[in-house]
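Trainee: The feature substrate binding site is assigned by Swiss-Prot to N67, M96, Y125, H161, S183, R184, G185, D224, A225, L226, R227, E263, Y290, with sequence analysis given as support. Look at Swiss-Prot and you will find H267, H331 tagged as Zn(2+) binding site, backed by sequence analysis. What Swiss-Prot records for C406, C409, C413 is [4Fe-4S] cluster binding site.
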Amino acid sequence: MKTQMNYAKEGVFTKEMQIVAQKENLSKDFLLENIACGKIIIPANINHKSLDPNGIGFGLRTKVNVNLGVSNDCVDYSEEMKKVELAHKFGIEAIMDLSNYGKTSRFRDELVNVSKAMIGTVPVYDAVGFLEKDLKQIGAKDFLDVVYHHAKSGVDFMTIHAGINSRATHIFKQSKRLTNIVSRGGSVLYAWMMMKDAENPFFEYYDDLLDICLKYDVTLSLGDALRPGSTHDASDGAQISELIELSLLTQRAWDVGVQVMIEGPGHMAINEIEANMQLEKRLCKGAPFYVLGPLVTDIGAGYDHISGAIGGAVAAASGADMLCYVTPAEHLRLPNLEDVREGIVATKIAAHAGDIAKLPKERARDDEMSKARQEIDWEKMFKLAIDGEKAKKMFNERRPDDLNSCSMCGKMCAMNTMNQILKGEDVSLV
């Protein structure tokens, strides 16, 4: 089976590439060149028939991913499907099913069947439930069986923590972290490695993993098991050593035509973000960077969507290609529907803010909003807003008598005042 990368290397412009080129207003040659060299990916499993393809990477708009899925404390698949509907409503490009309890295949199959967004999973989360074995009883190649099952089901990308190998764990053990390993998948693999006194199975059998990805054109999202879970731990030796391992794994994947993106931090002080984005691009030769946040402070519990949006905007402006949303429930509980909505909107704002910096053409929508505000065209403002539904609701909650203003300024509306005076009209404030 040929992947999007293989086709690009041969100069074949696939239907998925055509769709992405039209969405992003890019030329055929630009897209082919950058997919061929790995700077742009189009995650598109051959079995995901409902997919509306999107590209991730150099010269493209920053994409947003929404996480959902059940845990052993919250098993309500119907609510998770409502989150999927909400993600579709806001035009989210990627959805990850992070279910880590029970038999997850039925939900995942339904997700692939109905979702036009690209679907991602973390197979190691599903290992215990799928294999019906406790962690210590799982064999190295058993993990590949889970990967194969996910690939065959139609998921477009998978987080695989292949970089936390024996070399990286050696560096980690010497680190003086406050929060050790905060990646769920990374912690599970590290525990397995320590209990079995064995190498990371995804690293040891990486070539077998690539064969699975090739068969279904699954994009590898190389997970950062050693991402910083606190600003104290950011940019330390453990994080960077794993990134170096991921750069080597990226090249091995490219050599056979498997598409790759790199996952990144995490928690990180705002002044470290730009350098980390540049470091990933340098080490991984321009591979797309997919970051969680980053959260720029550790004390925003209940408001971590704000911390994440601040970091995400800086990251996107500095080269990050996809942002994983953060909700107000981060670090506290499984998010509910309102949490998901708040997280989506905050992250879409961050992504767009970053795009204004790196893709000047993306300012056009903002300019249209500014014109609508000057013209006091409320309906146009609601249409252009990222969350126009909420904007309209808030406006109507204290609807002004004079629609040439809002209830904040009333007759002292600056826009209306200037519109009148520049037309040569008198301005009355009584």
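Positions of Cβ are set from backbone N, Cα and C atoms, glycine also.
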Trainee: In DSSP terms, helix, strand or coil for H267 (Zn(2+) binding site)?
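Mentor: Going by the DSSP assignment, H267 (Zn(2+) binding site) falls within a strand, counted as strand.
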Trainee: Expressed to the nearest Å, what is the distance separating A225 (substrate binding site) and C413 ([4Fe-4S] cluster binding site) at their Cα atoms?
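Mentor: It is 52 Å, counting Cα to Cα.
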Trainee: Using the Cβ centroid of C406, C409, C413 as the reference point for the [4Fe-4S] cluster site, which residues of the same chain not in that list have Cβ within 8 Å?
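Mentor: Residues close to the [4Fe-4S] cluster site, other than C406, C409, C413: P400, S405, S407, M408, G410, M412, A414, M415, N416.
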Trainee: In whole Å, note down how far the CA of H267 (Zn(2+) binding site) lies from the CA of S183 (substrate binding site).
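Mentor: That separation, Cα to Cα, works out to 12 Å.
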Trainee: Rounded to the nearest angstrom, how far is the Cα of H267 (Zn(2+) binding site) from the Cα of R227 (substrate binding site)?
Mentor: 8
Trainee: So among the binding-site residues Y125, Y290, who's got the most Cβ atoms within 10 Å?
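Mentor: It comes out as Y290.
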Trainee: DSSP three-state call for N67 (substrate binding site): helix, strand or coil?
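Mentor: Once the DSSP labels are grouped into three classes, N67 (substrate binding site) ends up as strand.
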Trainee: What's the number of neighbouring CB atoms sitting within 10 A of the CB on A225 (substrate binding site)?
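Mentor: Step by step: centre on the Cβ of A225 (substrate binding site), count other Cβ atoms within 10 Å, giving 32.
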Trainee: Quick one: what's DSSP say for Y290 (substrate binding site), helix, strand or coil?
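Mentor: Strand, per DSSP.
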Trainee: Which one is closest to Y125 (substrate binding site) in space, judged by CA to CA distance, out of the binding-site residues H267, H331, C406, C409, C413?
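Mentor: Ranked by Cα distance from Y125 (substrate binding site), first place goes to H331.
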Trainee: Could you state the CA-to-CA distance between Y290 (substrate binding site) and H267 (Zn(2+) binding site) to the nearest Å?
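Mentor: Distance between the two Cα atoms comes out at 14 Å.
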Trainee: Nearest to H331 (Zn(2+) binding site) by Cα distance: which of the binding-site residues N67, C409, C413 is it?
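Mentor: Of the binding-site residues N67, C409, C413, N67 has its Cα closest to that of H331 (Zn(2+) binding site).
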Trainee: Let me make sure I understand the structure: which of the binding-site residues listed (R227, H267, H331) has the fewest other Cβ atoms within 10 A of its Cβ?
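Mentor: Among the binding-site residues R227, H267, H331, the lowest count of other Cβ atoms within 10 Å belongs to H331.
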Trainee: Which of the three DSSP states, helix, strand or coil, fits Y125 (substrate binding site)?
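Mentor: Once the DSSP labels are grouped into three classes, Y125 (substrate binding site) ends up as helix.
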Trainee: Work out how many Å separate C413 ([4Fe-4S] cluster binding site) and N67 (substrate binding site) at their Cα atoms, rounded off.
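Mentor: Per the Cα atoms, C413 ([4Fe-4S] cluster binding site) and N67 (substrate binding site) stand 41 Å apart.
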